[in-house]
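A short write-up of the structure that comes next.
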Amino acid sequence: MTFQQVYGYEPAVRYSAPGRVNLIGEHTDYNDGYVLPFAIDRRTTASIAPRTDRVIRVASAFDEAGGPVSLSLDELTPDAMDGWSSYVFGIAWSLREQGADLADKTGFDVFIESDVPVGAGLSSSAAIECGVALAFNDLWELGLDRKSLARVGQYSENHAVGAPTGIMDQSASLLGEQDAVVFLDCRTLDTAVVDLALEANGLEVLVMDTRVEHAHATGGYAARRASCEKGAKALGVEALRDVAVDDLPRAQDLLDDETFRRVRHIVTEDQRVLDTVRTLREQGPRAIGSLLVASHESMRDDFEISVPELDLAVATAMEHGAVGARMTGGGFGGAAIALVDREAREAIAAAVTTAFAAAGYREPNVFTVHAAQGARRD
Ligand code: GAF
C-alpha cells in the first residue's frame with residue numbers, strides 16, 4: 001500500500017523520524033532526571049499532501065483495514081480518536097492544546113510507513129508522533145522549536161493515547177544525531193550531544209528483541225510512576241532527581257521496602273547516567289560496560305521491570321563476551337541491548353537465539369542499530 005494507492009495522487013512532502021534505543025537512564029525521565037538515548041537507523045515516514053478543507057485523513061502501510069480514517073480539525077478531541085491513528089490526530093490536537101491557533105488552518109492527507117519494530121520498546125509510537133509533529137509545525141508555519149515539539153508529542157502520548165510516559169522518547173527522536181547519544185536533563189530540557197565513537201572502537205550495539213509484548217498505557221509502567229511519586233512525596237522533594245545517593249540511608253529509614261527499592265533504582269540510575277557521560281568523554285565506549293550491567297541489575301532487582309527473557313538475553317550476551325548489556329525502554333517485555341565487538345556480533349546473536357530455543361522462549365529478533373539523525377524533512 002502506498003500514498004498513491006490510498007489517495008489516488010502523489011504526496012507533496014515526506015518527513016521521517018527515527019525510533020530510539022536508550023543507552024542508559026531508565027524511568028528517570030518522569031522523575032526530572034537524566035537520560036542518554038540515541039536515535040536509531042530505523043525510521044517512520046509520513047508522506048503528506050495539504051488539503052483545501054479542514055479534514056485530516058490518515059492511512060498506513062501496516063493498517064490491514066486499508067482505507068483512510070478521517071477527522072476534522074473542528075472535531076479533534078481524545079474521545080474522537082482511537083487505535084494507531086490517534087498518534088497522528090493526537091499531534092494536531094496537542095498542538096492546539098499547547099496554544100497553536102488552528103482556526104484558519106486546512107487539513108492534510110497523511111500516509112505512514114515504518115521499519116521501526118512495533119512493540120519492541122524502540123519507540124515506534126514516538127517515531128510517528130515526531131515525524132508528524134515536525135511536518136505539521138512546518139506546513140502550518142507554527143514556528144515551534146524541537147524541544148517544544150517533544151513536549152507536544154509527550155502531551156499527545158499522555159492525554160490522547162493515554163500512556164503516562166516521560167519526555168525521553170520524543171526528545172531522542174527529534175534531537176538525535178549520527179554516531180552520538182543525546183544527554184538530556186529532563187527537568188530543564190538542557191541537552192548535550194555526546195560522541196559514541198562505536199565504529200572507531202570496533203564496537204556495535206546489538207538489539208535483542210524478546211518479542212514479549214508490552215504496553216505502557218496499562219499496568220506496570222503507571223504503577224512504577226506512582227511508586228516514584230509516593231517516594232518523592234514521603235521524602236519531601238519535588239521529584240526523585242532531588243535525592244542524592246548519599247541520602248539513600250535516610251530514605252531507607254523513612255520508606256517501606258518496596259518504595260525504597262523503587263527510589264534506589266531511580267537515584268542510582270541518575271548517577272549511572274552521569275557516570276556514563278563522563279566515562280564516554282574521558283575513556284570511550286569500551287569503559288561503560290559495568291555501568292550498563294549495573295543498570296540492568298537495578299531494573300531487575302529494585303525496579304522489577306525486567307522479564308526472564310530480557311534477563312536471559314543480557315546474561316547470554318555477557319557470557320559470550322559482550323562489553324555490556326541491559327534491557328532498554330520501559331520494560332515488562334521489549335528489547336535488551338548489548339555493546340559488542342564487531343567481530344563477536346554473529347556469535348553473540350547466535351548464542352542468544354540458541355539460549356532462547358533451549359529455554360522454550362519465542363525466537364528473538366536480533367539486529368544491529370546505529371545512532372542516526374533525528375526527525376527531518378526528506
Ligand atoms: C518508555 C517511556 F515512553 C519513556 O518516557 C521512559 O519513561 C521509558 O519508558 C523508560 O525509561 O519508553
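Cβ coordinates are placed from backbone N, Cα and C, and glycine is handled just like the others.
These come from TrEMBL:
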- Asp169: active site, proton acceptor (ACT_SITE)
- Glu26, His27, Thr28, Asp29, Tyr221: substrate binding site (BINDING)
- Ser60, Gly119, Ala120, Gly121, Leu122, Ser123, Ser124, Ser125: ATP binding site (BINDING)
- Ser125, Glu157: Mg(2+) binding site (BINDING)
- 2-50: domain 'Galactokinase N-terminal' (DOMAIN)
- 87-176: domain 'GHMP kinase N-terminal' (DOMAIN)
- 280-356: domain 'GHMP kinase C-terminal' (DOMAIN)
- Arg20: site 'Transition state stabilizer' (SITE)
Residue with minimal Cβ packing [other Cβ atoms within 10 Å] among the recorded positions Arg20, His27: His27
Candidates Glu26, Thr28, Glu157, Asp169, namely the recorded positions, that fall within 10 Å of Leu122 (ATP binding site) by Cα distance: Asp169
Neighbourhood of Tyr221 (substrate binding site), C-beta criterion under 8 angstroms, separation at least six: Ala163, Pro164, Thr165, Gly330, Gly331, Phe332
Listed binding-site residues adjacent to ligand 1, that is, members of Glu26, His27, Leu122, Ser124 whose C-beta is under 6 A away: Glu26, His27
Binding-site residues listed as Gly119, Gly121, least Cβ neighbours within 10 Å: Gly119
Three-class DSSP secondary structure - Arg20 (site 'Transition state stabilizer'): strand
Shortest C-alpha distance to Glu157 (Mg(2+) binding site) - which of the recorded positions His27, Thr28, Ala120, Ser125, Asp169: Ser125
Confidence summary for the domain 'Galactokinase N-terminal' (2-50), mean pLDDT rounded: 98
